[in-house]
Amino acid sequence: MSLNINPVEAFDLVVFGITGDLAHRKILPALCHRFSIGQIPKETRIIGVARGEKSKEQFHAEMAEALDKHLPKGRCDDQCVKDFLDCFHYVKLDVLGEDGWQELKDLLNERPNPVRAFYLSVAPSLFAEISVRLGKSGIATEGSRIVLEKPFGHDLQSAKDLNARLKSCFDECQIYRIDHYLGKETVQNLMALRFANALFEPLWNSQHIDHVQITVAETLGIAGRGGYYDHAGAMRDMVQNHMMQVMCLIAMEPPARFDADSVRDEKLKVIKALDPLDIRNTVRGQYRAGNGGGSYREEAENPDSMTESAVALKAAISNWRWSGVPFYLRTGKRLRAHVSEIMIKFKEPPHNIFEQSRPAEGNALILRLQPGEGITLMMTIKEPGSGGMRFLRVPLDMSFAETLGGRTGVLGNAYERLIMDVIRGDQTLFMRGDEAEAAWAWVDPVIAAWQESGERPQPYDALGSGPEAALALMHRDGREWREIETEPDA
Ligand code: NAP
């Protein structure tokens, strides 16, 4: 199996916030890898923007240091990194001030034609200001693209305000709201699995599916990020964007075509078909101290914090396909393992012909987003040997790393794919403004109800399975969460 590399035309990418954490850890390594495999031509210009005064040499040294630290070893040799750094330019610019904009404009105008993209890797409070400046100054041309990091708004009203300001300068087809979960290979494979195979689609409904679980668990706490996180919480940080997007891809109807608006129309219909969340179907948690870390409240440096570091909820989609099929979502920090996965749990066989054995469990399709992206189908087989019909559950496992035989290095990470989509002008894997607003409209009332209740999120053990009440949420429906574990299956 060969993996195609389709080179793009040389482009100009302006990265606001080039000195920041996201630029260093994700954006630079992603670009460098695509450069090394020949997808990005050497005439491309990456124009870094930040407030500090830097000579060209100093800037290149900083970029080289960031790459040395964050580029997986063996990805690019020294010569390749050197050639890549030749693409870099720096403009000193405080986006809240007047200086530097003309210099940026002049630099871009040296080459009027290539694709021009602006990546806002800065605090969300600066998004509106930068986009208006870019639009009004003429730096953003008709074909320019603007890329925004999450969070896209803090609630429905702020998302609406931001959309309105963006749209005063950019057309929706120029706006790329990045959700890196959608760039993950498995998430895209979910669409391939459903719509490029005839096997699953006839089963993909309430007649055959018992329930769906989506889990995003992290082992790390919020130490060092408390300032941002304590104002957000798991609902805003994870559920409103990544998890709802994944839920939409699982639940959406087949789009007529695989293009941006057809896919996004179908995702939007799912969000609109969600029943309002009943607070009784939600659980909030905060991790305790232990296992070498402080408690949530200590790490947030807010002894009275009411912000949740974990959420579990049960959602219902009221349409013909999903009526009666619960979607259980859970996410949390300081949990047992760093794992993101989807489980589609099928119903049990309708009749047990093996009277002496326990009925076979329903099949489960597990899509692992991380670690080790891949797909597992849990099947029931006969336990080998004599002794009658005893059953064994076995995984039919497809790890992308194995299937692609060492070529996964070429696949790269989600940021690589998404940045290349921006350059190609493909918005399929980016959230549209109305989707972001609809997602806020669904989560806002729950966040408000939590605040009104005045109840503290339930404490849970560090590096455990999460709040007890999240387990109870499942148990009361006679179901269980899949174990949080790093191995594909056990
Ligand atoms: P960060 O480390 O604080 O970096 C912020 C960047 O913005 C710095 O390069 C800073 O440059 C620049 N900046 C700040 N004020 C500026 C101004 N007035 N004019 C020009 N540049 C200015 O933040 P980050 O973690 O990289 O996050 C960037 C964005 O990505 C945020 O929206 C965040 O929510 C989002 N995000 C981050 C992550 C992550 O893993 N880090 C994950 C998901 C989303 P100077 O100080 O050098 O001027």
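Positions of Cβ are set from backbone N, Cα and C atoms, glycine also.
Of the residues LYS73, LYS82, LYS92, LYS333, TrEMBL puts just one in the substrate site with HIS180, LYS184, GLU218, ASP237: LYS333. In the three-state DSSP assignment, the secondary structure recorded for HIS242 (active site, proton acceptor) is helix.
Binding-site extent for NADP(+): residues ARG51, ASP94, VAL95, LYS150, maximum pairwise Cα distance 22 Å (rounded to the nearest whole number).
Less than 6 Å separates the Cβ from ligand 1 in the case of ARG51, VAL95, drawn from the recorded positions ARG51, VAL95, HIS242 in sequence order. Put simply, HIS180 is the one of the binding-site residues HIS180, GLU218, LYS333 whose Cα lies nearest to the Cα of VAL95 (NADP(+) binding site).
Ranking the binding-site residues ARG51, ASP94, HIS180, LYS184 by Cα distance from HIS242 (active site, proton acceptor) puts HIS180 first.
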